[in-house]
């Protein structure tokens with residue numbers, strides 16, 4: 001679809017959350033189609049996880065975004081989907097790949113939202129494809145478990161915080177989940193949640209550096225539990241790490257099931273977003289150093305630094321491999 005002004009920021013770059021929502025919609029369509037391709041109980045595919053997503057190039061107002069999806073692996077109860085986004089300048093015909101993402105879905109019964117159904121298997125062109133897919137499946141399963149175990153943090157407001165501290169830029173958004181946010185089963189679309197998370201992360205980044213900012217990448221987004229219609233969700237974001245040219249922001253979503261639900265607030269989604277600061281001409285700008293004050297902030301900074309260096313090393317290895325080929 002064509003990108004319009006309400007899809008973009010003040011500089012004309014399309015919000016990362018808009019792209020994430022389109023990616024998730026494509027993944028949900030192809031997964032739901034596949035899971036209903038054989039006779040059996042009707043179901044809807046629910047998003048469980050999004051692997052690291054890099055924003056290779058910004059999409060601008062007036063360009064057309066083409067989103068394509070392919071199922072690359074199925075386990076007994078989950079589907080792996082690879083999604084590519086390509087932007088097209090319809091005036092010049094120029095095209096470029098802007099995003100590549102991997103998503104995992106599980107099929108939930110239309111009759112019972114808590115029942116996970118079996119996934120029809122796919123045919124692999126080579127045995128190696130199945131083996132590689134199984135390895136990715138086991139890795140994401142382990143990471144989801146580890147992430148859920150460390151999801152206990154809460155963001156509290158800070159009175160009169162100093163500029164460039166964690167408390168100065170931290171932000172929260174409260175949203176009442178309505179019917180238009182939900183699937184046929186009455187729980188929130190993953191793409192809706194991701195768009196709200198990107199919005200909060202963008203506010204944190206803009207508050208920290210006071211410039212135009214764009215999403216550079218998103219680490220794995222883990223959907224720990226479903227969010228039902230009628231819930232009030234709080235999307236919270238805080239700065240965890242800064243390098244010379246990038247900012248890492250932790251974002252998590254807590255749900256309060258207010259309607260017909262005696263349950264307490266729970267952590268539903270968590271992720272790390274990376275942003276970069278840009279000049280009016282779209283050139284990278286230096287990022288102000290994050291000032292850490294507490295031991296927890298210093299610990300999170302070092303953890304973020306570790307993720308940053310790991311990603312940097314992986315990207316360097318990929319570039320070297322591509323050069324050899």
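We number each residue from 1, going along the chain as drawn.
From the backbone N, Cα and C atoms, a Cβ is placed for every residue, glycine too.
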Discussion item. Need the matching range: TrEMBL marks region 'Disordered' on one of 266-295, 296-325, and I'd like to know which.
Written reply: 296-325
Worksheet item: Would you list the DSSP helix, strand and coil counts for the residues of the domain 'HotDog ACOT-type' (167-281)?
Response: 26 helix, 54 strand, 35 coil
Worksheet, complete the sentence: Here the 10 Å Cβ neighbour count for residue 198 (active site) comes out at 26
Item to complete: Between the Cα atoms of residue 198 (active site) and residue 9 (active site), find the distance and write it as a whole number of Å.
Response: 12
Worksheet item: Relative to the Cβ of residue 9 (active site), which residues of the same chain, six or more apart in sequence, are found under 8 Å away?
Response: 15, 202, 212, 213, 214
